[in-house]
Amino acid sequence: MEQAAGCPAVGGSYPQKNAEILSSQYGINLFLAGLLLTFAWAVHAVGISKSHLLSYLITLMLIQLLWMLWYLCRSCTQRRLIRDKDTHAGARWLKCGITLFAVITLILDSFKIGYYVDFSNCLSPTEGIFPVTHAVHTILQVYFLWCHAKDVIQSFKTLERFGVIHSVFTNLLLWTNGVLTESKHQLNEHKERLITLGFGNITIVLDDHAPQCNCTTTTLCSIFSQGIYYLYPFNIEYHILASTMLYVLWKNIGRKVEHHQQNKTPFKFHGITVGMIFGLIVLTSTIAIVVVYLIQIGGSKIKSELALTMFYLHAIFVLALMCTAGIVALLIYRLEDRSLDNSKNPARKLDAELLVGTAAGSWLLSWGSILAIICAQGHPKYTWYNLPYSVLVIIEKYIQNLFIIESIHREQEKVNDDIKTLRIVTVSRGSTLSLTPLYKEIYNGRAACDSGDVPCLFKGSICRGENDGAGVVKEETSQDNSLVMHSASDFSVYSSNSVTNNKRRILKNIAAFLFLCNLSLWIPPAFGCRPEYDNGLEEIVFGFEPWIIVVNLAMPFSIFYRMHSAASLFEVNCKT
């Protein structure tokens, strides 16, 4: 009878598993088709233009818009029903971050619309339709994620799997399109910088997709064309964040959620002053370095070499500080005896996989630079700084990944939940007991005896009840011993608590410092400060085109790693 009862449950899982496999294959094929179309446009394949690529992306966005509207309408009609929620998914700070990136993305879309209006005589209509569709898509998607990122879908599961996975890969294709457009812009400026460094023997035909007509208003065209590329980094981060949040939603479809209360972990500035100060110093200095780098690089050979040297020295110093902070945090973890939370959590699992997976992009570039320094016949002075820089990039990511992954898997302390009021019994000779709530007890003991009238002390104390209704203690010596034992136990508890609080304060400062450092290291590559392009040594060893391909493939993952690490460290700071 037990087997018969269990068979339907087991058999019922097969259709859902098949739906998961079918939807994932649908999404992968959708992505591969768009990826090949993007590649064909990038290499100027015969018969494929930018309008074909944009038409494909517009179609995908319109399909996603229809699905999101259907889901929102259905949710509105079922708003009275109690729905399962994944409390770990779609954190408020993550929603705020994606909203900020979405607002800047809308500004980017408005720039594209203005650019199309100025060059409307020679641009395809799809280049005007795309930013409008993308703006509507962005607004509705952000609203959808704010309202439904935590949903655990239990109805229409097969249909919803296809809808969510379609949204995931639509955002990935929009991310790919943004990365390619931004990389092509960086590549067009790269050769001029190399020529100023003396690498004139490297030749490549610059890829230019500029309109073949004059602008109606020259000033506005210049603002739009230049401003677009400064806004692309935020657009890129927006789409990759959206795809990760939607992927967690997809993994949660049909999942059985344990109903338990999650402790809220709000962000507080209290106790992280030191980490914030040092982090802000790093952030300010990094912005200054990037500004000077972009001004100096390409001006002359001497200025370019000084800019590269300045960048490497600053990065070496910052990475060394981050390695030290990460090692200190890991040593504190080794001194603590706290169990890890191994419960099923799609959001946490995805965070860990993304950290390691995207770090591979930086590791690839670093090992390429190390190999180039070893194998190159000539070494300009500034290229030697690239060696410790590349080594530290590898070590720092290794240590930071270990710290973040262990932090998000550690069980959160429940100090506030376990603290109960401790009442101290003050005894006066020949008088009744005085009950005073002066301290707090970090034990799971009861606040009072079964009668509820007289409190219990720590282990080893005497729980005193009423004696013949008088409430008088029988033995004075026993009272004194009880109070002494209470005092010693109380001192021991608060000494231990003080050490724990000091450790937590150090960890919170380290997390805050690393958070700002990762934001600082995200800025240079996101806004065009890329020594992997401008160094020149790697192009000589590997060849110009092969190295540029490696950089263009690895750099987006390296940029995303910094932003994702910053988001994870923010969560670590809240949980610590």
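A Cβ is built for glycine as well, from the same backbone N, Cα and C atoms used for every other residue.
If you look at the transmembrane segment (26-47), the same-chain residues 6 or more away from its ends with a CB under 8 A from one of its CBs are 53, 56-57, 60, 162, 165-166, 168-170, 172-173, 176-177, 180, 184, 207. Positions annotated as transmembrane segment by TrEMBL: 26-47 (among others).
Taken from TrEMBL, the feature transmembrane segment covers 53-72 (among others). Long-range contacts of the transmembrane segment (53-72) within the same chain, counting only residues at least 6 positions beyond its ends with a Cβ under 8 Å from a Cβ of the stretch, are 30, 33-34, 37-38, 41, 124, 126-127, 129-130, 133-134, 136-137, 140-141, 144, 147-148, 160, 163, 166-167, 170, 173-174, 177.
Annotation comment: TrEMBL describes 93-117 (among others) as transmembrane segment.
Among the features that TrEMBL reports, transmembrane segment is placed at 129-146 (among others).
Positions annotated as transmembrane segment by TrEMBL: 158-176 (among others).
Long-range Cβ contacts of the transmembrane segment (229-250) within its own chain (Cβ-Cβ under 8 Å, at least 6 residues beyond either end) map to 23, 86, 89-90, 94, 97-98, 100-102, 104-105, 107-108, 111, 138, 141, 145, 148-149, 151, 153, 161, 164-165, 167-169, 171-172, 174-175, 178-179, 181-182, 185, 346-347, 350, 354, 526-527, 556, 559-560, 563. Look at TrEMBL and you will find 229-250 (among others) tagged as transmembrane segment.
Residues of the same chain lying 6 or more positions beyond the ends of the transmembrane segment (271-295) and with a Cβ under 8 Å from any Cβ of it are 307, 310-311, 314, 318, 321, 505, 508-517, 519-521, 523-524, 527-529, 573. The feature transmembrane segment is assigned by TrEMBL to 271-295 (among others).
The feature transmembrane segment is assigned by TrEMBL to 311-333 (among others).
According to TrEMBL, the feature transmembrane segment maps to 354-374 (among others). Beyond its flanks by at least six residues, the transmembrane segment (354-374) meets 244, 383-384, 386-387, 389-391, 393-394, 397, 401, 404-405, 532, 535, 537-538, 540-542, 547, 550-551, 553-558, 560-561, 564-565, 568 of its own chain at Cβ-Cβ distances under 8 Å.
Residues or ranges marked as transmembrane segment by TrEMBL: 386-405 (among others).
What TrEMBL records for 510-528 (among others) is transmembrane segment. Within the chain, the transmembrane segment (510-528) has long-range Cβ neighbours (under 8 A, six or more residues past its boundaries) at 186, 189, 230, 233, 272, 274-276, 278-280, 282-283, 286-287, 289-290, 293-294, 311, 315, 318, 321-322, 325-326, 328-329, 400, 403, 407, 555, 558-559, 562-563, 565-566, 569-570, 572-573, 576.
Using a Cβ-Cβ cut-off under 8 Å and counting only residues 6 or more beyond its ends in the same chain, the transmembrane segment (540-561) has close neighbours at 175, 179, 183, 187, 190, 199, 202-204, 233, 236-237, 240, 354-355, 357-362, 364-365, 368, 371-372, 375-376, 397, 522, 525-526, 530, 532-533. The transmembrane segment annotation in TrEMBL covers 540-561 (among others).
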